[in-house]
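Participant: If you scroll down you'll find the structure; I have some questions about it.
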Amino acid sequence: MAGTARHDAELVQRSKQQLSQTTDPIERLRLQCLSRGSSGIKGLARTFRIMDDDGSKTLDFQEFQKGLNDYGVPLKKEEALEIFQKLDKDGSGTVDFNEFLEALRPPMSNTRKQVITEAFRKLDKTGDGVVTVEDLRNVYNARHHPKYQNGEWTEDQVFRAFLDNFDSPYDKDGKVTLEEFTNYYSGVSASIDSDGYFVVMMRNAWKL
């Protein structure tokens, strides 16, 4: 699996160290998410998505603050307001969901983004923009999984556990979008300094 436990442990440790040194509110929020591991940003994204009851893909300040609290990222009201105002570029009193995620993700080079998209396209056999258990049947061999070999899991359970790596921890629907896939790998990417190493890791993991 391409987000290894070792990278996750390094990421958590590094994020916690940096958190005590940074004063920029957006960077602090990013580090608080990353201190939960590679899935941290992805989890916060899904929390906000669940809260977007009217499907507007925007959040007002109350929703924004509630989302942070629900996800367990405690920020002082002033800090949350400062982040919100930085992101509310047009002063409309709402924040565009995708712009917020763009700002929160650790910066990634185009090289990294391209290889992430390439891996996703390889998985998305049907080309419908969503990876499901059906897509995985053609690219991922469940029979090598130890829990399949000892009879504990069926093939479908292996596939579902595999998808859960990328799916949101709080609302696992067995479907993974490119956005969720990118959110996951932006976390992994934050633990790897070299573009070259990241690309090699992705190519090896997904046989690109």
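Every residue gets a Cβ built from N, Cα and C, even glycine.
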Participant: Looking at the candidate ranges 1-21, 43-63, 85-105, 127-147, report the one that TrEMBL labels region 'Disordered'.
Facilitator: 1-21
Participant: Go through the chain and flag residues at least 6 beyond the ends of the domain 'EF-hand' (75-110) whose CB is under 8 A from any CB in it; none is fine as an answer.
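Facilitator: Same-chain contacts beyond the ends: 25-26, 28-30, 32-34, 41, 44-45, 48-49, 52, 56-61, 64-65, 68, 116, 179, 182-183, 186-187, 189-190, 195.
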